[in-house]
Amino acid sequence: MLQTPLWKRILIWATVALGLVLAAPNLFYSRVEGHNDAAQAVEAAGFATVEQQAALDAWPSWLPSGIVNLGLDLRGGAHLLAEVQVADVYKARMDGWWPEVRDALREVRADVGAVRRQPATDPAELRVEIENEAGMAAAVAAVNALASPIVSLTGIGENDISVTAEGKTLIVALSESERAAVDQRTIQQSLEIIRTRVDTAGTREPTIQRQGADRILIQVPGIGSASELKALIGTTAKLTFNPVVRRGTSEDAAPGAGNVSLPSMDEEGVWYTVEEVPVVSGEDLTNAKGDFDQNGRPAVAFQFDARGARAFGDYTAQNIGAPFAIVLDGEVISAPVIQSHIPGGSGIITGNFTVEEANRLAVLLSAGALPASMTFLEERTIGPELGQDSIDAGKVAAVIGMVAVSLFMIASYGLFGVFAVLSLALNMAMIFGILSIIGATLTLPGIAGIVLIIGMAVDANVLVFERIREELKNAKSPARAIEIGYERALSAIVDANLTTLITSLVLFTMGAGPVRGFAVTLAIGIVTSVFTALYVTRQMVETWYGLRRPKTVYV
Amino acid sequence: MAWRLRLAPEKTNFDFFRWQGVTFGGSMLLMVLAFVAWGVMGLNFGIDFKGGTTIRTESAQAVDVAAYRAALEELPLGDIAITEVFDPTFGPEQNVAMIRIAAQDSTEAVTPEQIAAVEAALRTIDPAMTFPSVESVGPKVSGELVWGSILAVALTSFAVLAYIWMRFEWQFALGGVLALLHDVFITIGIFALFQIKFDLTIVAGLLTILGYSINDTVVVFDRLRENLQKYKQMPLRDVMNLSVNETLSRTLMTSVTTLIAVGTMMIFGGDVIRGFCFSIFMGVILGTYSSVYVAKNIVLFIGLDRSEKPKNKGTPDEFANIDA
């Protein structure tokens, strides 16, 4: 009786030992963290500096080095939820369609008459008024000829644009599946660019995730504030080089066809009227970095690709003595006069930059422009001190809770209570071991989840002990009572814990951020506490019973 | 025989239905009152649900709410609430206040200029003041969070209902879930009554209550199922009493250990998480109460079909009641 097969015992203790080994690195948190950071840096750079080597040596690399990630609320950092304005891209697409539509309608001018673009309220629409309503059929046919079919799973047989008529107005709109494709592409590009920008800024373990249809969640630990993060990723960074038409002191009311009036970034009240179509744009840049001009002022050095270099070279050769504007996000950084032909495709941008601004602009330019602007729906900054306070408070609470529960259990169940407390300690270690190996993030509610588990973990043990007590009352032999106790308590333990597991799964799927951390620790804690109660505590009880062979057992 | 701490006597024989009118009826009354408190006073929603900005300030000087208010009055920010935060974990030089600014009229959370202006205005009082956390949620997101939370509670209740239905009888599922809702709604009522800040973590707390309370109820149900098999002739009411009495010691033990753990977190865990711990603390008390006094009463009201399912198959008296 009361004998678990050897293989099973080995498996149980091996699982516990594995949990302990995996949890161990967390005891040397800062040392292991330094080791991991250094290892990552060394791998990226290909060589190790003296400090990095020292950090590497501080923790033997053959030991497991997985540690629990600390969430933003514990480490401090910034959290942003951004909504990508996909409508921006729709508008750009429709603007791109206009010349083609105009040309197509010009060919059927005999039927259609004069055409005029009208303002549209929906950015995904292009509205064109035609002179002769009778020629509408011809106009629709002509524009329809421009459409091309979409190749996608859902949009079979659909074109990228739909053409409809409404009185004298011809409406060209992006089709549903084309919109979906544009959305998908825009979000994907935005994600990539944000990732590049955040990575270049050199922060650790940022989280950049798509959320829902058009949202992006960005969490960067260790950054000073959400405003700082916003400055880095919220700028569209659309850079263009446009020919300057004239310079003025107020906004140009009539810039003329194909021109726009833009304010100067640094000079108050100065406006430039520039040609809307740029000579070259930021997309033609291959590289940009922070630099200094010949006077030692901060500047951004850039390099064009082959196409950009040719276009820029040709333009400068033809327009010596004329000014051109360097435009960033609708503002003119500077408008230098072309001194000579610039053939090499490289140059520097000077403005009233500080060194930081120049470096940031360089990062933004080399990462590329965002395809659409973003609005920020949610932003949170948590200072590192507050996070540390929370960790300290959590530790204190966990220790006090653990001690109080232990005393209570031992007072209630004597030796069996001691077994329960020992397996509770192993349980805690296993939770940390699992959290470390799956790379889960520990948040403040997550710590609360662990403390809650301290209370709930003993439940499975309590169920068994109470059951053993009852069976002992029914005058069973101790060994038999223990065995039946475990057997009969099983269904209650399984049902009770499965329902809690269900709730934690719902919490995980529905919850965001910190709440998710709570769900993870709760779910892991439930699994480990059932394991420790059913197997580990039982092993202890059986071993004790095997050694002592007591005639009577008092639980 | 060694001494043991006992929360319940070794063998109890309480009639848990004796004061049914008071216990169960009282519970129902409390639930109604909770709804009234919720409806009349409303919940003190945090920025997660209402939108807006909270700024946590920390200063070595004592918090002077009036001075803070005066400093912020000149800014065009609309409704501002300032509360001082007290906590046993704070050091003597640690004076913390929370400043809440109502949502500005747009989808965006807040502009960096607004935050900078607030911080600058407050620094005129204490130049060394720090701002350990600044959080802001746009009205667009907060609306979605409200629905998400309601959905989460509903979905969890439904999942639990389905599970108990599968494992037990439908009467148990109904009783269990009604007991759950009892716990959740009374907790919400308490939050409304004392106007404690209600944010996303509280919803997580409520969901935890769902998990804990059902855990407790299921243990009682499990014993009830076992005893129903054992004592086929005993009236349902007596089987229920027996089951609750038998599991009473365990119910109290688990509640007390959980309360000890959550209680220490509530006292020593810092003010950031206090509301969350409080909701779980209340929920554990209510959950324990409801598994003893609410869940099974509902099963008793509905009644159970205790006949064995395949009993009509070929029994000798199958046709005995047919008049030829």
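A Cβ is built for glycine as well, from the same backbone N, Cα and C atoms used for every other residue.
Marked as domain 'SSD' by TrEMBL: B:165-301. Taken from TrEMBL, the feature transmembrane segment covers B:21-41, B:145-165, B:172-194, B:200-221, B:242-268, B:280-304.
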Worksheet item: For the transmembrane segment (B:172-194), which recorded stretch in the set B:21-41, B:200-221, B:242-268, B:280-304 gives the largest number of Cβ pairs separated by under 8 Å?
Response: B:280-304
Response to the item:
In the same chain, residues at least 6 away from the ends of the transmembrane segment (B:280-304) whose Cβ sits under 8 Å of its Cβ atoms read 16-17, 20, 23-24, 27, 169, 171-172, 174-176, 178-180, 182-184, 186-187, 190, 205-206, 208-209, 212-213, 215-217, 219-221, 224, 228, 236-237, 240, 243-244, 248, 251-252, 255, 258-259, 262-263, 266
Worksheet item: Restricting to the same chain and to residues at least six past its boundaries, which positions have a Cβ under 8 Å from a Cβ of the transmembrane segment (B:21-41)?
Response: 182, 185-186, 188-190, 192-193, 195, 289-290, 293-294, 297
Fill in: Remote residues contacting the transmembrane segment (B:242-268) - C-beta distance under 8 A, at least 6 residues beyond either end
6-8, 11-14, 16, 88-89, 212, 216, 219-220, 223-224, 226-227, 231, 234, 274, 277-278, 280-281, 284-285, 287-288, 291-292, 296
Worksheet item: For the domain 'SSD' (B:165-301), DSSP counts of helix, strand and coil?
Response: 121 helix, 2 strand, 14 coil
Worksheet item: Quick one: mean pLDDT on the domain 'SSD' (B:165-301)?
Response: 89
